[in-house]
Amino acid sequence: MAEQLILKGTLEGHNGWVTSLATSMENPNMLLSSSRDKTLIIWNLTRDETSYGYPKRSLKGHSHIVSDCVISSDGAYALSASWDKTLRLWELATGTTTRRFVGHTNDVLSVSFSADNRQIVSGSRDRSIKLWNTLGDCKYTITEKGHSEWVSCVRFSPNPQNPVIVSSGWDKLVKVWELSSCKLQTDHIGHTGYINTVTISPDGSLCASGGKDGTTMLWDLNESKHLYSLNANDEIHALVFSPNRYWLCAATASSIIIFDLEKKSKVDELKPEFAAVGKKSREPECISLAWSADGQTLFAGYTDNIIRAWGVMSRA
């Protein structure tokens, strides 16, 4: 049965671009977002006809753009990365910062939790990758064979059988690091422009990367090789695998593309109706993506400060 995505509603509350989105399996009615307005918002999702949800709590503390956010697997904590050079660990029930992570010497662009929530990895414009414990202690800084430009994205593999960290950089490289030794395992070479994002499939077997060259490259993390590429035809800002379908979603400068990885074809392309923009201004772009845990809703954060929720439906 062919499927498509339909716009279900919007979430409005940020006063800056929505830079990152995170969902929780433990709390399906919660969405977390980060923004250039220096805050994170915890949303309560109601999915009503009139309103898709409302801001339950605003997380304040960062003194600059918040670039990335993730939720712990138990749904109790969130991590945020900021251009103020720090990370913060938040208790979601109270909205308080429980730890600040200080050590990067430039904007922090990305943060990720390990599968057991005991380790944290961050990537920065200082070109380093740092490993932390949840107490805020930096346990290791990866610089040897590291990125020669900004580290744009870092992600832990969810697969305990192959414990690796994947990173991407403005040096056009995807790097795979062995978690046990923090040593470089593989350099994945192929992109012709800076890379904005990497994402790992739910089973940890696949990694996808994308950026300036408009190509999504898929890598086999178990075999350490390039599998194939999918053309998005425009700069890629964000990538996310579906939790329950063999799909990869790409947020590009012009639309959101849903790829079927089995057929290597487009399932759908999402472009909301934007209010008319002047000749000089650009249409809003999607720069962040997250699936609901059940894979039925795709959340998309835009440069018009709005989060849009798309629902998977069967094509009539």
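Every residue, even glycine, has its Cβ placed from backbone N, Cα and C.
Taken from Swiss-Prot as is:
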- 13-53: repeat 'WD 1' (REPEAT)
- 61-100: repeat 'WD 2' (REPEAT)
- 103-142: repeat 'WD 3' (REPEAT)
- 146-187: repeat 'WD 4' (REPEAT)
- 190-229: repeat 'WD 5' (REPEAT)
- 231-269: repeat 'WD 6' (REPEAT)
- 281-316: repeat 'WD 7' (REPEAT)
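Counting Cβ pairs under 8 Å that are 6 or more residues apart, the repeat 'WD 1' (13-53) and the repeat 'WD 7' (281-316) reach 3 or more and are in contact. Looking just at the repeat 'WD 2' (61-100), the mean pLDDT is 98. Helix, strand and coil residue tallies for the repeat 'WD 6' (231-269), in that order: 0 helix, 23 strand, 16 coil [DSSP].
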